[in-house]
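**Q** Straight out of TrEMBL:
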{"type": "BINDING", "residues": "His58, Cys94, His97, Met102", "note": "Cu cation binding site"}
{"type": "DOMAIN", "residues": "24-108", "note": "domain 'Blue (type 1) copper'"}
{"type": "SIGNAL", "residues": "1-18", "note": "signal peptide"}
Amino acid sequence: MKKILFCATLLAAMSAHAANYDIKMLNTGKDGSMVFEPAFVKAKVGDTVTFKASTTGHSVKSQAVPKGAESFVSGEDEELVVKLTHEGVYVYNCPPHRMMNMSGIIQVGKPTNLSEVKPVVAELENRSMQNKGRLTGYLNQVK
C-alpha cells in the first residue's frame, strides 16, 4: 500500500511540473510563408504540445515519432493536443502545405531516434518545392 501511495504521489508531482507549448499554424510568420511557430520546441517527457490553427486551411500530421510513441494527426482547422510520452525527436508537417515545407520538430529529452529521423527529414526536403532547407535547419537545432 505504501508503494502505491508513493508512486501516486510521485506521478502527481511529475505531472504538476509538466509544461504546455502552443504551436501556431500560420500563413506567414518569422520564417516566411506557411509556418509553424515555434517550429522547433525542446520539451521534456510528460509535457504537452497544443497545435493551434491560427489561420485557416492548416492541419498537422506526424511524419516520424520515437519508438513506442503514438503518431498524431488533426483535421483541417482543428486544434490538437499531443502528450509527449517518449524521449526522442518528433517530426511533423501540414499535409495541405507539404510542398511548401510547412514542417517542424519537437525534441523531447535526448534525441534517441536521430538516425531514424534524418532520412525522413531528407525525404521531406526533397519533396518540397519551396522553403528548401527549412526543416533541415530545425533538425540542426537538435542537440
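Heads up, residue numbers simply count up from 1 along the chain you see.
Glycine too: its Cβ is placed from the backbone N, Cα and C atoms.
What you see is a predicted model, and the numbers here were worked out from it, not measured in a lab.
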**Q** What is the set of residues, excluding His58, Cys94, His97, Met102, whose C-beta falls within 8 angstroms of the centroid of the C-beta atoms at the Cu cation site?
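**A** Nearby residues not in the site list: Met25, Met34, Phe36, Gly57, Ser59, Val60, Asn93, Pro95, Pro96, Arg98, Met100.
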**Q** Would you find the one among the binding-site residues His58, His97 whose Cβ has the most company, meaning other Cβ atoms within 10 Å?
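**A** Sorting the candidates by Cβ neighbours within 10 Å, the top entry is His58.
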**Q** To which of the binding-site residues Cys94, Met102 does the lowest count of other Cβ atoms within 10 Å belong?
**A** Cys94
**Q** For Cys94 (Cu cation binding site), which DSSP three-state class applies?
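**A** For Cys94 (Cu cation binding site) - judged by DSSP and reduced to three states - the answer is coil.
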**Q** According to DSSP, how is the domain 'Blue (type 1) copper' (24-108) divided among helix, strand and coil residues?
**A** 6 helix, 43 strand, 36 coil
**Q** Need one number: mean pLDDT over the domain 'Blue (type 1) copper' (24-108).
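**A** When the pLDDT values over the domain 'Blue (type 1) copper' (24-108) are averaged, the result is 97.
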